[in-house]
Every structure is written in structure tokens, then in C-alpha cells.
Amino acid sequence: MIQTKRQTRQRPARPGWAGVCLARRLVGRLTKHTGEPSVSAKVELENIEKSYGATQTLRSASLTIEAGEFMTLVGPSGCGKSTLLRIMAGLQPQSAGEIRIDGTSVDHLRPRERDIAMVFQSYALYPHMSVEQNIGTPLRIRRLPTAARLPVLGRLVPGQRTARRQIQEAVREVADQVEIGHLLPRKPAALSGGQRQRVALARAIIRNPKVFLMDEPLSNLDARLRVTMRGEITSLHRRLGATFIYVTHDQTEAMTMSDRVAVMMDGEIVQCASPQELYTNPQDLRVARFIGSPEINVVSTEETARWTGQPLPDSIAHIAFRPEALDFTPKSAGIGVDARLLRHELLGHDVLVFLQTDQGTEITGRIPAAQWSGLAVADGRIAFTLRPEALLAFAPSGKRAPLPFSPDGMMPADRMLSHAS
Amino acid sequence: MPADIAAFPGPAPVAASPRRRHGAQIPGWVSWSLAGPSVVLLVLLMLLPIAAIILLSFTDYRFGALEVSFVGFDNYADLNTDRAFWRALGNTFTYVAMVVPASVFLGLLLAVLINGLTRGRKIYQLIFFLPVTATLVAMATVWKYLLHGTIGPFNLLLKSWGLPAIDFFSDPDLVLGGLALINIWSLAGFNMVLFIAGLTAIPEELYDAASVDGMESPLDRFFSVTLPLLGPTTMFVIITSTITAFKVFDTVAVITRGGPRRGASDVLLYTTYLEGFTYFRMGSAAAMTVVFLAIIMIFAFLQARVLDRKVHY
């Protein structure tokens, strides 16, 4: 109401002023400046299940996404992450469980009533509409009566001029935000992948929703553009302050963009934590394997028993450690391992070292390039040490288990000493 | 990375090297001999007959006559004053105006309904496509019986409801409608198949996006997504249906022979056929064929132009 007043007062100043005002209002709502409480919403998933006939794609997925959080669902293809997102959007019903947005159940609500926006992998732009019409569609549907939206006759329906002008202004404003203001008259076919992605984002932003759902929005872009758009989406998230739920199979996207990451495997959320926590403290072997590139080293307990001279209890099946846990500095503290050097890969700032133990276990190490040149390779063999605290133990079920290494007796005495100092 | 690319000088000019590249160039004689057979066939089977017809339309050739003389535009001038020809032309247009909208709309309706089915899609497609595979001459006989004024099941049904009988094929005002009905019946199945092909090409995500954007009613989604995206298909269907409807001949020849009363269901092709093969006035028949050809060409041209420019996105 206040806005309308201001508009009338300032209209004489310049013909386009009403539009600017509207744009301001929009920016105000988008950028959280006004401190309105409704920019984001908390999303709660409780025991969501989904089955198609006999196959169960989702088994009891529970997750709480805080208001304003950037949550990423990551997992290999077929793990049910897209299904979960579609269920949140209301495009598919769940077989069991409840979804709450801001505390109220939305299970009975259609997509339109859930106050969510969705960005699709294929962008899902309407190919017959211009960019401007594409972005304006959500507003046209909400603000214009059905008759006014008919292809040709719609224009003749009275009393829609103001609404149409407002929509046009809003479209312009949002298009400028994602830097496609100059592309408004074009058809999607005449745009590049990145531009189409921006149109899809603009179409989501314009409605000012509390929750954004994004289904692999970057996977159709080339590698370089993906990096750029990654940054733009995170800054968009900061600017809008809305809740973002982002689905990807790309762990780099998950790690770089999100506040928290939920790793999904076989229809379950295996672990939900901050990216750093997932990397350093995975609670499941599958998570440990999925996060991190190159993949985490997983060795059998027999192998480690050989290294330490001490067998491990049956409660532990695997020992895992990150490639950067390998320490090639001579005489460093930890468990000493001797292995054959298979090959190495120069990555510029890093070098990946591919090793094989005498028992045939392959191990990957990552060291700074500067260190590689000074490395002592004798007879195709190389020695490294592992600090015990860098090791992760996993039970036969794949669940994380406490590390059974106690300093006493597990390591050779001389190494113990240097470790202690 | 960007710096690397910017610093790269770009490919060297091609003209600098006179080397021949394998596979990039084909000698002229190879191209011609490869294209030759189809060019010959095209000329023999398509262009020459058309040229012959056009040539024939300027003569007074009668079937079986030994002498032929050139008469210029006389045949066309005669057509202009021939009331039978104009009546046939008018009938044909009326017929097309009935068949095309109905068969296109019915085809679209069937396609949308069948596409929305979860089960039995194939069987319905098959059933509605059957008329396309059936011989129209044989089917025309069946239709003649079905719509017969006194013994036809259609009229028996009407009578049993206490309604007056509609005798399509002996009422000069209804005969075109009756014939159109048959063509609609046979075309709708074909159009349906084309529309279903068009429908399956629409990505499912668009409907998801439409739902999220707030289009809730199926009608809304139909008018905002389905129909515009079917634009190219619809255009194609309209053009092919128009051309098919223009070529109406067999039902007229089998059921009405142009009747009832002189010329109530005379259509262009049937008149041409009578002119050439009953009255043996080949010159005049050729002139009619040229007119017919011109009309078809206009539609083919429309298809090529409008389809590629307007409807595609």
C-alpha cells in the first residue's frame, strides 16, 4: 500500500518512474534489505519414501533444510536425489512421509501453491516464447486472468494493461540481474547454453519464491562455464537469501557451493554435513569414496596389519585415507609403507603419484609439485608414511568405526618417538 | 586458461598450402555420375509428364485422334466459360473446407486423448489408423451402404429414435457432406499418428516447468505448451490434409458419379477424368489438370515457406 502511495507521488517526476519504483520494490524484496521475514523458508522432509511398483527409489529420507540455507543433494545417478527434489516441488507424490515448509505440511498442495521455484537440467524453456515471455510466464499466470492469456484474443480482454506493464518491468529488472537484459526479444533457440541457463534462473527468481529447487542446472554446460555459473549461483543465493536446494551428481559443485551437503546413496541420505566435515569425517565408506578426487584410498585390514605388524579386530573391514595423507618426507612420523611407483600425473600445482604395494593394493598420493622433483625413487620403489590420525576405519557394514590404533605397540618404537616429539 | 587462448595466434591461412586433402574434394564427374540416376528418373517420371500435360493443354488433342493442332489458350478460355468446371472447382473447395478442419481437429483430439492413456495406447492407435490402410474404393462401398437412405444402419438408427432420415447421397445439398464424412474418417487416423509423433517430441520437463510456473489445469497446459509446440506438426498436417482432400476422386467415382442431379458432387479430378476418358477431350482435360496442379503447387509452396519461417522456433 505504501508503495502505491509513493508511486503516485513520484510519478510526475519522470514517465518511467513508476517502473523504477516497482523495480526497487522488487529489489528490496529480493535483497533482504527490508528485513522482511519471508524471503526464505525452512524445509523439512520426514521419512519420505517413494516406490514404483516393487522398486523402492527412496527409503525413508529425512532431512531438515534451514531457512536461507544452500543445501546440496549429491549422489551417483539413480540414487533418488532428483526424485526427492520432484517430490518437494510437488511434481510427484511421495508414497509415504511428510514434507513441511515453514512448519506446515505441503503434501496436499500443488506445485503452484508451494511457493517454490524450480530450475531444470534441460532449462525447460518454452521454445515458442521469447526470453521476455519465458521469464514473465510465472507472473502472467498468477496475475492475468485465464482469458487474457489466450494467444491472440487475450490482448482484447480489458483491464490488464497495468498488470502487463508491471510484469514487463519486473521481467526487465530480473533479466538485468542475471545479465540477459539485451536478449529479451530472442527465442531460446538463438541463445547459448549459458544464456539459456540464465533465462531459466530469471524465470525462477521473478516469482520471488522462498525456496529454489535446482535439478542439475549446470550439467549441460561446458566445463569453464560451469565454474563461472557456480560462482554466480552462490552469489545469487547470498543476494536473494532464499533457501536453495540443489541436486547434482558432481561432487565439486556440491563441495564448492553448499552450506551443507546431503550425500544420497541407494535412496537413502547417508550423511548430511558441511563439505569440510564430509571430506575429513565421512560416516560411511560410500561417502568417503564419493567425496574427494582422486578417490580416497581404501585398503584391507590385512594390508594394514602388514604395515603395522598388528592385526585389527573383526569389527573393522577397511582402512581409508586421503591421497594427501601420504607423506613422502624421509624419516617422518607415522606408519611406514614401501611401495612400487607405477606412474605419476602432473596437475600443475600438484602431482598425483600412483603406487602399488607388494600385495597388489593400489594407492594414490597427492603431493605439491615442488616436492615431487626432490623425491627419492630407488629402483622404482618409494617409501611413505601415514599418520595414524589421518586413517579412517570402517566396519564391514560400511559404517564408520572408531580407529583401533592406540599409540602403544601399534607403531615401531622409533617412529613413536619422533611422532611424540 | 583464457590467457592461453588469447595468446594463441589462430589457424594459419588455408590458402598458403596447396596440399590436396583427402576426402574433402570430389571430382565433378564423380558427383554427376552419382547424382545421374536420380536426375534421370526425376526428369522422366516427374518433369516430363508435367511438361507433356502443359503442352497438351495448348492443343485440341482428342483421345485416339490422328491429327493434333495447336490452339493456344483456347482450352483455358473454354474452362473460364464452362459452368461445369466452375461448379466442380467450387464443390472441391467446399469439400476441402469441410474435410480439413474436421480431420485436423479430430486427429489432434484423438492424439491428445490416446497420448494421455496409460494403457491400451497401441491398440487405440491401431484401430484409428485402420482406415488409412484400407482401400478407399472398398470402404466407399461400405459407407454407401451405411449411409443409405432407406436400408443404411445410420438412418435406421435415426428412425428408431424417431428422427427424420438423412439421405446423404440422394440429396444434392448433403452429398458433399456425406463424402466429406468418409474422407474425415479416413484422414483423422493418419493425422492422429502425425500428431502423436509431434506430442512425443515435447519434452516432459516442459510440463513440469509449466506446473511449477503455475499452469494447473490441463487445458492451460494444453494451450500454453502443447498447442504451440505442436505448431510445426499442425502446419504439416493441415497442408497434407488439404492436398489429400483436393485429390478426392474414388468416393465420388464409386458412390455418386457426380450426382445426384447433374453435378451436385462434381469435383475437380472427377470432372477432369470425365473430360479426358469419357468425352476423350484430352486437351481440355490437360488444361484442368494444369489448374489442379497450380492449386496443389500453391499449397506446397505455402508448406515450404510458412512451415520453415513462421511455425518453427
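Cβ coordinates come from backbone N, Cα and C, glycine included.
Taken from TrEMBL, the feature domain 'ABC transmembrane type-1' covers B:89-303.
According to TrEMBL, the feature transmembrane segment maps to B:29-58 (among others).
Look at TrEMBL and you will find B:93-114 (among others) tagged as transmembrane segment.
Annotation comment: TrEMBL describes B:126-146 (among others) as transmembrane segment. Listed as Cβ neighbours of the transmembrane segment (B:126-146) (distance under 8 Å, sequence separation of 6 or more from its ends, same chain) are residues 110, 114, 152-154, 169, 181-182, 185-186, 188-190, 192-193, 250-251, 254-255.
For B:174-202 (among others), the entry in TrEMBL reads transmembrane segment. For the transmembrane segment (B:174-202), the list of distant contacts is 91, 94-95, 98-99, 102-104, 106-108, 110-112, 114-115, 125, 128-132, 134, 136, 139-140, 143, 147, 166-168, 225-226, 229-230, 232-234, 236-237, 240-241, 244-245, 248, 251-252, 255-256, 259-260, 264-265: same-chain residues at least six beyond its ends, Cβ to Cβ under 8 Å.
A Cβ distance under 8 Å defines the sequence-distant neighbours of the transmembrane segment (B:222-246), meaning residues of its chain 6+ beyond its ends; these are 92, 95-96, 99-100, 103-104, 107-108, 112, 183, 187, 191, 194-195, 197-199, 201-202, 206-207, 210, 215, 268, 292, 295-296, 299-300, 302-303, 306-307, 310-313. Annotated transmembrane segment per TrEMBL: B:222-246 (among others), in sequence order.
Residues 50, 53-54, 56-64, 71, 75-76, 78-79, 85, 89, 239, 242-243, 246, 268-269, 271-273 of the same chain sit 6 or more residues outside the transmembrane segment (B:279-302) yet have a Cβ under 8 Å from a Cβ within it. Positions annotated as transmembrane segment by TrEMBL: B:279-302 (among others).
Long-range neighbours of the transmembrane segment (B:29-58) within the same chain, counting only residues 6 or more positions beyond its ends whose Cβ lies under 8 Å from a Cβ of the stretch, are 70-73, 75-76, 282-283, 286-287, 289-290, 293.
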